[in-house]
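Right, one structure below, let's go through it.
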């Protein structure tokens, strides 16, 4: 008997006599082999046989690995078996493999300790299968147990997208039987799910709980863990933040922060703010927060010097984040932790990126924002020197300016010593004095009253594109550098020294920016001369 086919993704190992009979059927013998390394649950002394399921089966649809039934790719006879009983299919958006119940009597089901089975109130009748979820299934009869299999996964090194494309491009791999029922259903991405109140029993049941399995850990910290996870009922991927419930109950500061993050995310709807999906309690240990999964945060592409080599991407980062911050400011929200790790990116097919702001765990409404928050390197001076003072959305504008200086390594920002508050402000001062940052120097005033808002910067640089704040609510129009507020470089160095000595409650009056700069660089893009703001 041969070894498993090299294109096999997994094998079906029989668990009862009827399943063994399926392997012995003449129509199925070409798919049968011994399965080295697998455990025979029904007879541990014997090397198990199995049906090899994978891209070598010439199913009618390129994304269908195999159909099972009376007329399926795998033949199963019996009056209680549907013509197409079930199928294994690759979900087009994520390459996850799903088991579909195609029976007319809903007589396919998963079982076992890691089963997340089909549910009647979830009409799609599909579940994701993986090594850690839904690895046993049965079908036929009222109890769905006439034929039972274990799913044994092989180590897969295949490029599924490439192999699927190969099947699509080669008609000889498709079947020509006209009476086979098509199994590939049209798929669409899951719509937004409203958040159930995780501690309000009256609200339970308003939204279905997301059933998921954890795929890859993306990060961890004192708060909990972040995972790449899969919705078992759809096959969609999302970012899963598992946050530990506070030890001190519902009235603790930690619980307030958790509640704030969920409520803020649920209320946000903006193309440059990461999409919220849902939040739900996982017993007494964790709160699960689901958001759309992106390629990564911009730390990944900063390491590749993308923003240094591609100034258009840097301009997109500035525009997208200003639009996000203006949206937050218009809604009275301060993010308070704008930094590269909290800005996510998605690559666009035609080149470039879409950037989105994430992680609202430290956010607060402007009227309440007084506590110390944020990451020190990117923190605004008013937070560094007087963390108890009222905070406005201007703290986010400063953090975005420093993020850009860091991303583009302006004036050698990344190589500068940043151990003290004085050195942090001096590094921002040097970046603001760089000719390439002339257009955005208004974001770097030490005094938040003089610092530009996100709306003002959108008006100044991008002609108001994407601005949420109505024009009549903008406090002032930024039309250039405030020459009266600036000092020559030599004089300002002296004043900066004075600024960093004014701590703990005293105002910060001297701007970081300084005098003479040349205009922004003009770059030729596709034969059209367009302004680059760096």
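We number each residue from 1, going along the chain as drawn.
Placed from the backbone N, Cα and C atoms, the Cβ positions cover glycine too.
What you are looking at is a predicted structure, and each value in this text was computed from that prediction instead of being measured.
Here is what TrEMBL says about this protein:
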type: DOMAIN; residues: 212-463; note: domain 'Protein kinase'
type: BINDING; residues: 241; note: ATP binding site
Original post:
According to DSSP, does residue 241 (ATP binding site) fall in a helix, a strand, or coil?
Top reply: strand
**OP:** Give me the mean pLDDT over the domain 'Protein kinase' (212-463), rounded to a whole number.
**Re:** 89
Original post:
Do any residues at least six apart in sequence from residue 241 (ATP binding site), in the same chain, have a Cβ closer than 8 Å to its Cβ, and if so which, in order?
Top reply: 224, 225, 226, 288, 289, 290, 291
